[in-house]
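The structure appears below as structure tokens.
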Amino acid sequence: MINWKVELSYIGKDFWGFQKQPGKRTVQGELEKVLKLLFDEDIKVIGAGRTDAGVHALGQVVNFKTKESKNFSCDKLYKVLNKLLPGDIKIKKVEIVDDNFHARYSAKRRWYIYVIYNNEEKNLFLRDYCWWINKPLDKDLLNLSANLFKGIHDFRNFCVIENYDNTNVEIYESFWYFKEDLLIYFVSAPFFLRKMVRFIVGSMVEVGLKKKELEDLEKYLKDRKEERFSSPAPASGLYLFKIDY
């Protein structure tokens, strides 16, 4: 068996997420459809991050195994995949890796970014790629909020609850980068719970708009609550940035 590792990017707005779903257009589904055509076998694609509907990726990583190479070099497969895949998926790199490499379980750190366009006037060309907020955000409060999330916390109040054995997550990096009207949040961790980054961003925006207090956000991180601190931020601003192995 040959184990292929592929790095790719995609625009998430017309996908029902990464993971294959019956009757839905997904990134995994598009990849597997083209790979079956090329290798003449059913192939299961494994993704490092299972992005939700509308979420983009700049550095998603997948792996899949084939019985034979079908005379595909890494360079040739890179070119053919980019030719056959739809225009909202771009292959960035193709490698052959050790048999034990697993895109999801071998990952050491996942990075996400979230993009906010903070301007009174809307920008139609950014609409599907960010969260437009037309009221001014307090950047100092955003920075202070981001610092609260560093370290190990129970994120039960900041995710969609599924059958998780453990909702404790260690956040390695949590910071904002500001460039004029673009406010970009960077966050990294070994893994994330479902919609966790979007709930984190939504909560920071509540503080940044001065709708809620920074001290209240700190309490939510320490104590389990029945109600949410905020709604999740829209999917359009979220990007799977890169995966560290």
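Quick reminder: no glycine exception, Cβ is built from N, Cα and C everywhere.
Taken verbatim from Swiss-Prot:
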type	residues	note
ACT_SITE	Asp52	active site, nucleophile
BINDING	Tyr112	substrate binding site
Query raised in the report: Given the recorded positions Asp52, Tyr112, which one's Cβ is surrounded by the fewest other Cβ atoms within 10 Å?
Result: Asp52
Report task. Round to a whole number and give the Cα-to-Cα distance in Å for the pair Asp52 (active site, nucleophile) and Tyr112 (substrate binding site). Result -> 13
